[in-house]
Structure formats: C-alpha cells, structure tokens
Amino acid sequence: MSLPPFTCRLLAAAAALYLIGLLCVGADTKDVTAPKIPGCSNEFQMVKVENWVNGENGETFTAMTAQFGTMLPSDKDKAVKLPVALTTPLDSCSNLTSKLSWSIALSVRGECAFTVKAQVAQAGGAAALVLINDKEELDEMVCGEKDTSLNVSIPILMITTSSGDALKKSIMQNKKVELLLYAPKSPIVDYAVVFLWLMSVGTVFVASVWSHVTSPKKNDEQYDELSPKKSSNVDATKGGAEEETLDISAMGAVIFVISASTFLVLLFFFMSSWFILILTIFFVIGGMQGMHNINVTLITRRCSKCGQKNLKLPLLGNTSILSLVVLLFCFVVAILWFMNRKTSHAWAGQDIFGICMMINVLQVARLPNIRVATILLCCAFFYDIFWVFISPLIFKQSVMIAVARGSKDTGESIPMLLRIPRLSDPWGGYNMIGFGDILFPGLLICFIFRFDKENNKGVSNGYFPWLMFGYGLGLFLTYLGLYVMNGHGQPALLYLVPCTLGITVILGLVRKELRDLWNYGTQQPSAADVNPSPEA
C-alpha cells in the first residue's frame, strides 16, 4: 500500500521546515578584537600569488596579508615579479645570514611572533615576506600587546602549508622561483545578485499564484498533484482549513522557532560530515518530491488524459503511469546531483531542487491569518538577529555564520540556500540567500494572495502587489546593507519582515481592514449559513 500523496508532501514539508530554520548569512574577514596600534591597523587582504619555476608559469596560490606592513597593489599590471629565497635561519627569528636583497623571503611559522619575523626580514633587505603556515588554512597575522609601535614597510603575507612546501621544494632543488603578488578587490556590486533576486522573488510569486493558475477543472480534479483541493465547508471559502494543507497555529509558530534554535545549537556543537550528509539526503528527498509534484501538475494541466492510465504494482497498488515515470526521472536527476554535489556547477541543481521544494512547501504549510503571521515573523525576526549578532557574546562566535560555513573537515555546507556564482568577482565565491528568507515572507504573501482572491480584490485595492513590491525592496535593502557593511553578515529578516508584514499592517490600518486580516478564518458562520431556511 502506498502512502497518500498528501502524506508524502507533508513529510517533505516537515523536512524542509527543519532546513529553513537555518538562515544563511555572509561573513567577513575583519578581526575587530585585534589591537589597533600605530603601524598595525591594516585590513586583511586576500592575495593572488602567481609563481614561475625556471620560467614556467605554475599554479596560482592564495595568500592573506597581515595587519601590519605595506599593502599590495590591486592591479596585476602594477605588481612586480621578484625572485624568492629561503631565509637562513628558516624561522626568521634571528639575524639572517642569507642574501635577500630585492628578493621575496620565504620563511616558516613558529618560534617567535609574526612582527619579529617581519622586522628581521626587512632588516635583511627582503622586498616582502611570505610565511608558510603549519596547516591548510590562512590565519590572521595580528600584532601582540607588546608591539606598541611598528615600522614595517614591506608586504607580509601567509600561504598554506601545501603551497609553501611546493615552493620550498623547488628552491631546494636549485630551481629559480619567482613570484608575482597582487590583491585584487572584489567589486562593490556583483551583477549576478540580480539573478538571485529574480529567483527569490520569482519563487514567492509562483508559489503564491500556483493554486490559482493550475487549478484543475471539475472533470480532471482527481489528477491534481500539487494544488490543494478546496473543501466544501464554509471555512474553506473563508480561507480556513483545507483538506491537503497544514495550517500553522500560533503555538506551532512559537514551538517551531524554539525547535529551530535548538537544532541550530546542536549543529554548532556536533557539526560533522555525516550530519551534513543526513541533512543533504533530507534536502534531496524534499527537492525530488517538489519536482515530481510540479511536473505531474503541469503535464496533467496540458493533457488531462495523460494521468488516467494506472499500473498495479506489488506493495504500491494502483499507481499512475505518468506519476511513476516522472518519479523515476526525478530520482535519476536527484542521484546525479547528489553524486556531483561538490563540483563547481552543482549550484544549478541545488537551486532547481530548492525552488521546487519551496514551492511545494508553500502549497502545504499555510498561515490562516495575520495574527499567526505576526507571531511567526516576529519570532523569526528576533531569532535571526539573535543568532547573528548576539550569539557571539555567548558562544564567542556567530552561531549562524559558523553553521553556514559547514564542516571544516570536508568544506561541505548544508544545501539550505539558493546560490549563484559571483561572476565579476576575481575571487569567485557565491551570492546566497537562505531558504528561510524566502519561505517565511512567502507564507505571508501566499496568504495575502488567497485573501485578495477570496475577497475579489484587484490590483488597485488588493494587498498582493504591494507585498510583492515590499519583498523585492526588502531583498534589495538586504544586499545594500551587506555591501555598505563591507560584507559583514546581515540577518535578511531584519529587512524583509518590516517590508512585508509592516506593509500589510499599515495598509490594513489605512483601509480599516486590519481586524478582518487579523481574525481571518476565525469568524463563526451564521445560523443562516449553516442551516439555510427552505424556500417558500
């Protein structure tokens, strides 16, 4: 016996709701706790290190500058290619015996402070100092409390242990090694964010109008896979409970935010590769379910007879052939993405699955009125702010940012967001938005669309166009805040909630309809509606 379609959709929605409890934000590379003293107040720069071995151009490494020393040029054409020499002693903690005149000094980390190494290399005539870290990460090189004044006039930067070992090996083999150091800047605005904005707004719009656009005719209603079926009672006509929907209650909204916070803390303390793998499997199941429902719905809208042929299978019983074929297709796509999820192009499949899952969730989970919407969105509003800005005071770092970065062992993160490559950024990376930043406002906007439709409101007197504008504006303000704050993590709901819920409340007050929005679906039907009198 197979599970009912709604049960499958409800399970997928539940998995998705746990995923959206984790809202991803950006992070920066500034250390605001490091002491600021004369000569030690630089911002950390990411550096491209191009190398040549015996005249042959090799792999380009990534490095990071120190909080002291001179800044590197951002333009490659202004950088100068210089030879590299190992320091003697290799740790650069005492006077150097090697000749470094107009050369880049290559040293190793340890035994003394970064500032001591920099001063020793500069005294030895080095044009720059490259430190080899003792691990595959780039640590921030800051000044110590005893460094009351520094006068380091050469660039100081750090490379990973694997990059440093490759350079050191070539030098020890008496090969000529040359480096070109420059620090290209990321653009203030990456135009790829426009596509992310369109994907987010488009997802909310499609999810809102989906039931209306794909509403089946009476003779083919049985083949509808995604659009919820209206019940015949009075509450259904008033936006109340429907057969295949899950109405979120006020208590449920509070419990969800508390559960999401608990889950976030568990991820923070127990983040591991197997934990991420389990959540990725949940994501794949939810995305596959959403893709299946969307495709079946679209096909049966165009060809109502396509879903009429059934096939009797063991354990499953009567199954639509169309549904089975689409399910197999979605399963193959899901497996292909899962196997290639760590490749550079995996973002496209992740976005497709994410959008399908969110559209599916917004058809199942619904807000009954503005009262519940206010409770849910206000809780999510403070939840987002707390875990981004206040949690560092308790956990020594932002829990939200730490979870968003994923596992340090594998570098893999939870696929809980839409992302698109930063096309104009020399450092690559991704523009991202968390599922919660789409689904939380999306729940409100979907309710508003139903309210407008059931009350015969148009563009001029409706709420839906205003909320779509508000959501788009909120996203714009989110990215504007991100760029103004130089990439510092921004809780998106800080902007999205006022631009959606705030607009709803203001319009409701102006139009004197706030009471109707607040109590929508809770009014008791009149006796005449329940027991209509017979006609005379």
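Every residue, even glycine, has its Cβ placed from backbone N, Cα and C.
Membrane topology of Thr374 relative to Tyr520, as recorded in Swiss-Prot: same side. Here the Cβ of Asn95 (N-linked glycosylation site) has 10 other Cβ atoms within 10 Å, regardless of which shown protein chain they belong to.
Using the rule of three or more Cβ pairs under 8 Å, pairs at least 6 apart in sequence, the transmembrane segment (464-484) is in contact with the transmembrane segment (187-207). If one looks beyond the topological domain 'Cytoplasmic' (366-374) by at least 6 residues along the same chain, the residues whose Cβ comes under 8 Å of a Cβ in the stretch are 239-240, 242, 245-250, 253, 443-444, 446-447, 501, 504-505, 508, 514, 517-522.
The least crowded of the active-site residues Asp384, Asp437, judged by other CB atoms within 10 A of its own CB, is Asp384. In this structure, the CA atom of Asp384 (active site) is 10 Å away from the CA atom of Asp437 (active site).
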